[in-house]
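Trainee: As listed in Swiss-Prot for this protein:
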TRANSMEM  4-24  transmembrane segment
TRANSMEM  41-61  transmembrane segment
BINDING   147, 151, 224  Zn(2+) binding site
ACT_SITE  148  active site
TRANSMEM  158-178  transmembrane segment
TRANSMEM  198-218  transmembrane segment
């Protein structure tokens, strides 16, 4: 909770600074001179409220959504040796990472994958695919679990939601400024918001949304490297590299995880170049190389 409060306070300060900066550079005067009566401070607050609302709601219901969309079955009483080993391993790794034991689940999928989610590092969910549990060696599965526990310990789910809230805020803010400018200055509309405002705002949100996604995915790729480091610390560098190499050997298999959960899975990062800018995971080769350099 302290992480959320500090992050929200920081970003409210960013909103305030942005509003003051635009005023100092005469942006308000420029818009007013062209017939646009726009209170940038109020607009920023409005956009911040709605920008953060969606991402924070998604964060708070993330465990429920993950269970629903992936078909994850929570293990309450282990029925097999696989389930017993899984619970014991997650409990051990959680203790080493200094977090409370998360819920542990298995979702039905042949491909090897796993994810962690939850609004709080002490109220999380870690789930693995049936394929990972059945086809990978215990050391490989343990390394994958250590990676996911690393995400939880680092508070990545919370930070991702808050980063998304920030970019949502500024996408909405600048899209509405552009919409007002096009409507009032270019189309000379003086009576409320004309059709040009709505069209320009939607187009601006689409374009700015793509640019914002590049920022969010850049951060997502950075957190994967950090989770790999945490996994190496908990399970051993050799085991973490071995798990990533095994995942690399299975690239190309269809992934049945919903799009909303792919950013929180361990497997991903097939594309390079411009397409790679919108990938939530770095290429596995880059992650393996980073661990080798770490030693």
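Backbone N, Cα and C define each Cβ position, glycine as well.
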Trainee: By a Cβ-Cβ criterion of under 8 Å, what residues six or more beyond either terminus of the transmembrane segment (198-218) are in contact with it?
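Mentor: Answer is 160, 163-164, 167-168, 170-172, 174-176, 178-179, 181-183, 277-280.
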Trainee: Using a 10 Å radius around its CB, how many other CB atoms surround residue 224 (Zn(2+) binding site)?
Mentor: 26
